[in-house]
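Feature list (source: TrEMBL):
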BINDING   A:Cys104, A:Cys109, A:His181, A:His186  Zn(2+) binding site
REGION    A:232-260  region 'Disordered'
Amino acid sequence: MASAALASSPPDGSAADPQKIIRRNLPGTSRAKWSNWPDQSFDEMDSTLTVQQYIQQLTKADPSNVDLILNPPEGQDINVWKYEHLRQFCMELNGLAVRLQAECRPDVCSQMTATEQWIFLCAAHRTPMECSAIDYTRHTLDGAACLLNSSKYFPSRVSIKEASIGKLASICRRVYRVFSHAYFHHRGVFDAFEEETYLCRRFTVFVMKYQLMTKEILIVPVLEELGLGNESTVGDSTVSASSGSPASKGESSSASETEA
Amino acid sequence: MEEAAAFTALPMEIYNKQTGDDGNPMNDSNNGKEPVYTMAGILHFLQTEWTKFEMERSQWDVERAELQARIAFLQGERKGQENLKHDLVRRIKMLEFALKQERAKFHRLKFGTEPPGFTAADLAKPDLGAEDEGAPVSEPAAAELTEALQQQQPAKRKDGREVIKQYLQEMGYNEVITDVKQARVEQLLGSPSAAASSTAAYPAGPASGDVKDSGGGGKGRRTIEEQLSSMGINVDDEGSDEESGSSGGGGPTVTEEEQVIAEFDFLVNQQEQSEWAMDEKTLSKMADFRKERVRAPKRSSGGGGSGGFMDEPDRAGSPPPETEPTGPYPTLDDPEIRLAVSGGGGGAAGSGGGSEEEGFRSALGLNLGDLQDITVANESDAGTTAECRRTWAIKFSLRSHFDSVRSLFFHPTEPALVTASEDCTLKLWNVSKAPSEQPTKKGMSVDLEPIHTFRGHAGPVLCACIADQLLFSGGLDGTVRVWGLPPLSMDPYDPFDASLVGPVLTGHEDAVWGLAASRPASGAPTTLFSIGADRTLRAWRPSQPAEQRLLSCRQLPHSPTSLGLLPADPGKLLVSLQSGQCLLMDAETGQVIARLSEDGAGPANAAIAHPAQAVCIAAHEDRRIRFYDMNSGGLAHSMVAHLDSVTSLAIDTNGLYMLSGSHDSSIRLWRLDDRTCMQEITAHRKKFDEAIHALALHPSKSFMASAGADGLAKVFV
């Protein structure tokens, strides 16, 4: 481990400190050595992107250790912590979107659905549209990327504007639908992805922990697998709540879309 | 003083008068008219006189000031005109010299021998003493050669003229010569009558110019020619055998003259603009012009400006020698012109072209490099500043990636940029879009939304490349993916277009770190080259069916870091290695043509080739930039360029400027001829120990982009 990191440091080392470990993926680095450097404690990190570095370091070490990953270091601004986690989730969701792209065809999944009861309208457009599932996924991720990087709402990654905190919840709600669509319609893709990344589990615990979403709309039953799901009827209750004519379904979902 | 004396004398007079009156009271009573002198009356008289004289005195002062100003104005004008004349004469000489060069070149090309006038001594730029001691060619031989020259003259001259015409057209001065300007120059060059009227009748200038068609212009032109020939530098330089051309004032000469004069437009304009402070203004302008010329990068890879050239700014910047202008002719105190005259005299005496040429050469201290510099300076005046760019300023911040941007690539023709990031995506940006809803504040960069996001890689995307309306990308997952480029008008929220997802080139067993695409010949399909951490260089033909796509796979001695095609020779590849070496390889056979390395060099992060010269520039992890000669394989130069490892390089298409990016968060702009840093931009924040991953320059538009570990890409203009 240490030797790998040292190998990636320049031979003459840093002029000031030849012993210093250079955490750098040099061009030409092989997959095995990618980001393969010794862990650094949060306090030692001195760049402006420490939170992202710390989260990525933990995630890379063990993506299944959800509690550790979501446990903020002492003295950390909780809003920045939430924001950086959400960035990380959206980034990793790109991986799920890539896998969905191969399977989720617009002619098969012409609507963004989850179970038989939910139809989601795409809020990326001026008037919410009934985009196909894959387009919904793409648009939602693109929209989230733009919003999370917007210099208007999130000009700094060191402190978050009070007014922008509400945006985090709406982004969470929207990107969660990618999980739910994958779970209910492309179960194979979802399971394979979840096996590798534990992303949905992390995300679910995250939104629960910081109350970014209500339990009622967390329809993917990953909590049960974690032993946290105390009621197995979560999905059923939402279904009954929103069941009705197709028109009312559309309305209810579009209402939830546009409120953001 | 005079005034003061008169003033003091006056009260005395009054006093005398007064005493006289006092002495003859009887006369006073006789007259009857005689005023009665009272003390008050006298004082009043004295006071009025005093004020009268005071007023007169102040009037004289005003007048004197006016006259002094007038003198200053006239002196300033004179100086300005001297400067102008000086410059005009020099320019004429430079043009002449270029003509000679071209003739010599033509001769060389046509007959394969050095033209008789051009000897080794001439090319070596002999000093004055050597020239005086004797011509390098013996007299009879020279005469013979001159004869031969004369026979070739007509054709040669025509060619020479064409070349000069082309030069002038390149400078941006073609047929837009107005009569006014010409008339001005005539005035300035000093046809006596015009010169006399010129100072008085400045505003009337255009009017007199308008009537020029009635013959005045032609006469003026002839005057110039006469003057030039009397200066020994007539336009057709072979004094003796060009008699007919110059004395006749024939057609072709006149047209050339027009163009030459057109070139002097800017000087005339200066003359127009500056009335009072002309002297200073003209001087400073000329000085600026010179400075710019000095700063202006050299086109030619050749010797460039030498001693004579370097002298010029000084001469232009300081006032000309204080000599009495004796007339329209240049003052003989000026060493340059005197030499020119003597050289011309030699030519007329029939001692052959050789000595004349030398005379010019030594007198001018110029060479072809100067002329090219002038061309560049004029072009920059005309507004094509792409290669004369000094510094960059940020225009857009491309904020949409969640993680480090690893690579970026400009569309070869469109104002579009693609970025590849560790967040597994590539994004396409239209950098010409002006976000209207966000007015650009000073010092603030504007956000831009990507027009398309390419998702496909299952891991960080490490490199990207655009060719032939296709986008290629390589990632840590070991795949090379091919994408179609959507139109730039695309909305990011349009439905998914499956046709944009092209084939996937699988084969690399490890991360793909570099891509380069070439089109071997017109119409032939694109060949894509890729390098990977599995130490292979692979060539692909993406348009072929899956099993035939891989053309070749060659082993490399070390893990490669970057890949590029030589701009000057697309049949060659430049690969940099983690071992610090750079390899020059044949793209077709994979043979290593040259190994460029220095002992003890740190890993090479990137290598680029100079677009015109056989120079390879490599960015190293040990903070150095190294320059290699690709012909000899030797190290030409090595310099510590940044505070941390240098990660990326970009060179402009003319090979004048270079940009380097480093993990010390800064971008530096380098001038290549003397390798000085002209600008440093602090652009990106660090993530771990990485800051800037890539730089790119648009091949045809004025854009520069940088990719940072902080997930941002920035576009500079």
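Residue 1 is the first one shown; counting continues down the chain.
Keep in mind that glycine also has a Cβ here, set from the backbone N, Cα and C atoms.
Over all protein chains present, the Cβ of A:Cys109 (Zn(2+) binding site) has 20 other Cβ atoms lying within 10 Å. Report note: the Zn(2+) site is defined by A:Cys104, A:Cys109, A:His181, A:His186, and the residues of the same chain whose CB lies within 8 Å of the CB centroid of those residues, excluding them, are A:Leu100, A:Glu103, A:Val108, A:Ala133, A:Ile134, A:Thr137, A:Ala182, A:His185, A:Val189. Around the Cβ of A:His181 (Zn(2+) binding site), 27 further Cβ atoms fall within 10 Å across all displayed protein chains. Listed in sequence order, the residues of the same chain lying 6 or more apart from A:Cys104 (Zn(2+) binding site) and placing their CB within less than 8 Å of its CB are A:Ala133, A:Ile134, A:Thr137, A:His181, A:His185, A:His186, A:Val189. Secondary structure from DSSP puts A:His181 (Zn(2+) binding site) in a helix.
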